[in-house]
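Enquirer: Among the features that TrEMBL reports, domain 'Radical SAM core' is placed at A:15-278. The annotation domain '4Fe-4S ferredoxin-type' is assigned in TrEMBL to A:37-64, A:65-95.
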Amino acid sequence: MKPALIHKIIPHSIVDGPGNRTSIFVQGCNLKCAYCHNPETQQVCSNCGICVEKCPTGSLYFENGEVLWEEEKCDSCGSCIQHCPYHSSPKPKWMTAEEVFKEVEKNIPFIRGITVSGGECTLYPEFLQELFILAQKAQLSCLIDSNGTTDLSQYPKLMEVCSGVMLDVKAWDRKKFKRLTGGENEMVKKNLKFLAHTNKLEEMRIVCIPGEVDVEDILEGIKTTIGDKSRNIKLKLIKFRNHGVKGRLKNTNSPSDEYMKDIQRKALEMGFQHVNIT
Amino acid sequence: MTDVLDLIKSRKLAYEQKVLSLAHAAENSVDVLHIPEKTKYYFEKNAIDHLFEGNAPYRPRYILPDYDKFIENGSEFLQLDPPKDLDELLNSLMILYRHVPSITSFPVYLGNLDKMIEPFIAEYSDDEVRKKLKLFLNYLDRTITDSFCHANLGPEYTRAGRLILEVEKEVQNAIPNLTLKYNPDITPDEMGELALNTSLFCANPAICNHKLNKDTYCCDYGIASCYNILPLGGGAYTLSRIVLPKAAKLAKNIDDFFHTILPDCLQSMGDYMNERVSFLVEESGFFESSFLVKEGLIDKDKFVGMFGIVGLADCTNILLEGTGKRYGHDADADDLADKIMHTISDFVTSFPAKYSPIAEDHFMLHAQVGMDYDKDVTAGVRIPVGDEPENISDHLRHSARFHELIPTGCSDIFSMETTARNNPAAMLDIVKGAFSLGVKYISFYEENSDLVRITGYLVKKSEMEKYRNDQVVLQNTTQLGAPNYDSNKLDQRKVRGV
């Protein structure tokens, strides 16, 4: 049983895949996206303890050099995250797949599946596999929401129990990707191809910011890489919103509705058939 | 007669509202029902409540005419031939509705509208049907000035049903209430999703668990007034209610409640309801004179007496005062509530009710949803507004448990975040889950909606605001809804994000 550091579990979510789902957010990400809208899931707590002093309800405390959290006392004021020099949170808990599934189970029969997001959930492949085996036994579909930087072809057993991956394609050009995320995108392209060919590509997502993200370049890249497969896979064009953003783009404005519609039209013209704006 | 003069001089009542109120005052000037002293005592304490149905019942509370029969035969009394096309159908219905009595004097049941309309629209385009439906629905909204009025849809998909929902979303009317009879084995997901999505724009339709409700009677059923499940071609003679928290307050302790107060209240209310039904059937002449009876649109043998309960939550919390245990949050509290429900249900299913063959000579339990004058009385078996469990899964499991014993209407209402509009499939997943566990009826509205469901009926926030500012308003349910919305703090109903 390999546990994962769990940031939070949303019992009912309508924005993380088809139908009603329980969403599980892991803590920790290998990218540092300039537009990340939940930066508190990026870094794992370093136990520096600054948040302990700032907690108004006394629900955080030190024990053996670790910051611990007493959930009952907490009123979710957000002071800990606000004062953390790493924008992290002291609240995530190490949980096994069984422990997480116990939380999921409470929402059956109101959900059709689960989605694991983050942070970057593929940093915990063994945990994912164990969780998905439990969920599949309960007839729940299992989706991964990923930045695509883990080589998924190396985890055939996980892919067997995974119903699909919602893949971020943040940039196509290597330099642009690096500038936006601090990371490399070769693996994202490899995963795109692998998932499309194994019919595990549930959705492709692009966060749209004019000047920062070259959407047309991404669409061209996708088309060249997966060809006709791109026609029937959902493409979600996400309008950038700076709410919660703490990175470089925190003061950047959202693109206009006209811009989004224009991009959508271009995508349709290029042969993508299921294009949604959110 | 000051009351009468007050009614006449009122600046807040529209003309028609005055006439109806004056008729009520006239009815109450006679005393024909025998009411024992003990019953009067419980009425005074509001432990049982006759809901101001009036002193001399002269029409059933709720009537559900067999509209299919009317469409097939026309009406001799109304001098109407069977309709041959859509215009004739809608016109005939508009005429008939005007002559269907009820406790409010407005029709509380308009039929399974989509099925009634479907055979008449084949030759029209969607736009043509929409235009006719819009006129029809607006006529109903502006002339049936009382939200305790209900039309049904489903469970099958029909083109008419789809068009009604599309028009409903556009016109944003409070009347009629609409309910989709939903059965996942019969109703396509597409129809269920359209209905739920529409409800996030105009608080209509509600969703009825067809599988669980369809065998309530040996005949077909309809949903009338707020959400009452009643026999088609009949209805309900009367509805009284036991106000459980008021009864609990009369009890010295839990034992006294179970051994004295509750049985006394149940007996008093049962006798009182029989008294009302007897007068209506034996003396009022309704069933001898109404053309609805003569033309076979209703039948005396298809009427039931609705035995209402209200405030199970508050009653439980009163009985457990000092323990810190709460209805909807603690297993002990819910077990006590369950015991109360079984005690009531055992009484109702064994107490002999007069003239009720369709219910095997018993009254039938109903989760009454409250009155404008209620304070600290939670609708039916619901969890109090503001005290809802954090996770909607827990809330719905609780609902399913407490809907079980109530056959003639029991429901829940959820206020949803606006984003729920983007994923109707997620809403349908919740409904499917809830119905599979035993939830009988459910409705939703969007958090910022002008149209809101008060207890079971719809009222516009904008109309309530007018009423609070002493303006005359079209619908008399606004007058009931405004105080209810305020005193029950309905604006604090927990908003669900799914």
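Backbone N, Cα and C atoms are what each Cβ position is placed from, and that goes for glycine too.
Tell me about the setting of these features in this model.
Expert: Summarised as a single figure, the pLDDT of the domain 'Radical SAM core' (A:15-278) averages 94.
Residues of the same chain lying 6 or more positions beyond the ends of the domain '4Fe-4S ferredoxin-type' (A:37-64) and with a Cβ under 8 Å from any Cβ of it are 5, 7, 25-29, 70-75, 77, 79-90, 92, 118-119, 241, 243-247.
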Enquirer: Can you tell me which parts of the same chain pack against the domain '4Fe-4S ferredoxin-type' (A:65-95), counting only residues 6+ beyond its ends and a CB-CB cutoff under 8 A?
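Expert: Same-chain contacts beyond the ends: 3-8, 27, 39-52, 54-59, 246.
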Enquirer: List the helix, strand and coil residue totals of the domain '4Fe-4S ferredoxin-type' (A:37-64) as derived from DSSP.
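Expert: Taking each residue of the domain '4Fe-4S ferredoxin-type' (A:37-64) in turn, the totals are 8 helix, 4 strand, 16 coil.
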Enquirer: Write out how many residues of the domain '4Fe-4S ferredoxin-type' (A:65-95) are helix, how many strand and how many coil, based on DSSP.
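Expert: Taking each residue of the domain '4Fe-4S ferredoxin-type' (A:65-95) in turn, the totals are 8 helix, 7 strand, 16 coil.
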